[in-house]
């Protein structure tokens with residue numbers, strides 16, 4: 001047993017490469033497509049106008065241009081919502097790895113469409129492509145954490161679970177760097193910049209087939225003991241995987257009565273009630289805490305602080321780099337600090353930053369206040385990267401067992417993208433109506449989420465999926481059965497519920 005514990009803690013080459021390839025091929029694209037449209041926006045809008053003039057002989061009305069641009073931006077999260085709704089049927093039918101490979105269709109096709117949009121003289125192509133690439137992001141944002149969570153040993157699950165979010169931030173930073181005027185964020189470079197999203201997909205299509213499917217999926221859902229054992233041996237780098245196989249079989253026995261759960265089953269099942277409420281609260285908190293609004297507001301904050309217009313793009317890249325650095329930090333501290341602590345610290349920092357930012361923006365006329373605003377933006381990004389951005393995906397994987405996990409990710413993903421879409425739609429109106437006071441609303445969202453996590457969410461680090469279910473069973477007032485006997489939880493560190 002001592003040898004088993006020691007060996008299971010290794011990060012093997014196979015596990016590391018499977019993590020990097022799936023995160024680069026799928027998660028990177030989500031981040032890239034969030035930010036890719038921001039830098040060259042004025043040139044893309046010029047293209048919309050020029051195309052309209054060539055077609056109809058007169059300039060486009062400002063209101064129509066604004067509508068088209070809003071569609072170009074907001075179709076991405078709407079596609080993300082559609083992608084999330086496809087998660088459960090696809091991962092149950094094609095498997096986790098199979099879904100990631102299939103998902104590349106939703107990246108390569110729109111990449112070609114956006115790349116040729118200028119030659120085709122069609123702005124409609126860009127809007128349709130944004131929906132399709134949104135579907136790709138909606139699927140990958142849910143399936144990559146699920147796939148990696150099921151490949152990882154319990155002692156590395158948190159660190160590996162943060163890697164997809166790390167690649168999302170690297171994708172955002174890459175789009176910000178390429179969007180610098182002297183690189184691709186100009187009149188001639190933007191179609192290429194939009195089309196580059198297909199490259200990670202092609203890399204994943206070429207390399208991921210050589211890596212194993214989730215052993216849990218193969219054993220519990222497919223009943224393929226042999227393939228599951230072979231996959232587990234490759235992932236762990238040694239032959240004796242009996243203990244982990246037994247743990248999976250135990251999980252399978254405990255949930256056989258439930259069968260494969262649909263979303264409706266999930267919503268009505270008492271034994272999963274608090275897990276479901278928790279992932280809804282965390283995903284809403286993550287998106288409604290104002291991260292998108294902070295990015296939206298950042299340019300005007302920088303310009304009011306006296307940063308020259310031409311230099312704002314470099315400050316934006318700097319903020320993106322801080323985001324990447326803090327997410328790398330989260331990878332290394334999540335196993336030591338635990339999920340719960342990072343969530344509490346992250347939402348706490350975001351809450352205080354939003355409150356201070358409101359004050360700083362209100363008294364912007366004071367000479368040194370704009371610099372306080374910049375500091376608040378950077379501190380907010382640091383706080384969000386440490387907890388709210390990274391941990392909800394890890395915890396969603398951990399709170400649910402095999403039969404309920406696909407439906408849980410479908411719910412979590414839908415809430416994530418619906419909240420994202422809502423902020424994108426509502427924030428411009430909030431800003432015009434409330435101005436700087438809009439951040440007070442985000443401050444209260446962060447505070448409410450922080451209190452919920454403090455009161456309800458347990459520590460899940462270094463626990464098996466079955467042990468975590470048992471922790472919640474007490475709060476849900478149910479008993480988990482294995483065969484004919486109730487499961488007794490192992491003692492360990494973490495918050496008891």
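Cβ from N, Cα, C; glycine included.
Any TrEMBL annotation is an automated prediction that lacks curation.
Looking at 439-457, 458-476, 477-495, the range annotated in TrEMBL as transmembrane segment turns out to be 439-457. From the options 45-66, 67-88, the stretch TrEMBL describes as transmembrane segment is 67-88. The stretches the transmembrane segment (190-211) and the transmembrane segment (312-334) do not meet in space: the count of Cβ pairs below 8 angstroms, excluding pairs fewer than 6 apart in sequence, stays at fewer than three. In this chain, the transmembrane segment (276-297) lies close to the transmembrane segment (439-457): three or more C-beta pairs between them fall below 8 angstroms, excluding pairs fewer than 6 positions apart. If you look at the transmembrane segment (369-395) against the transmembrane segment (100-119), you find fewer than three C-beta pairs under 8 angstroms, all six or more positions apart, and that falls short of contact. For the transmembrane segment (12-32), the neighbouring stretch richest in Cβ pairs under 8 Å, chosen from 125-148, 160-184, 407-427, 439-457, is 160-184.
Of the recorded ranges 100-119, 125-148, 160-184, 341-363, 407-427, the transmembrane segment (439-457) has the largest number of C-beta contacts under 8 angstroms with 341-363. Comparison of 100-119, 125-148, 160-184 by number of C-beta pairs under 8 angstroms to the transmembrane segment (407-427) places 125-148 first.
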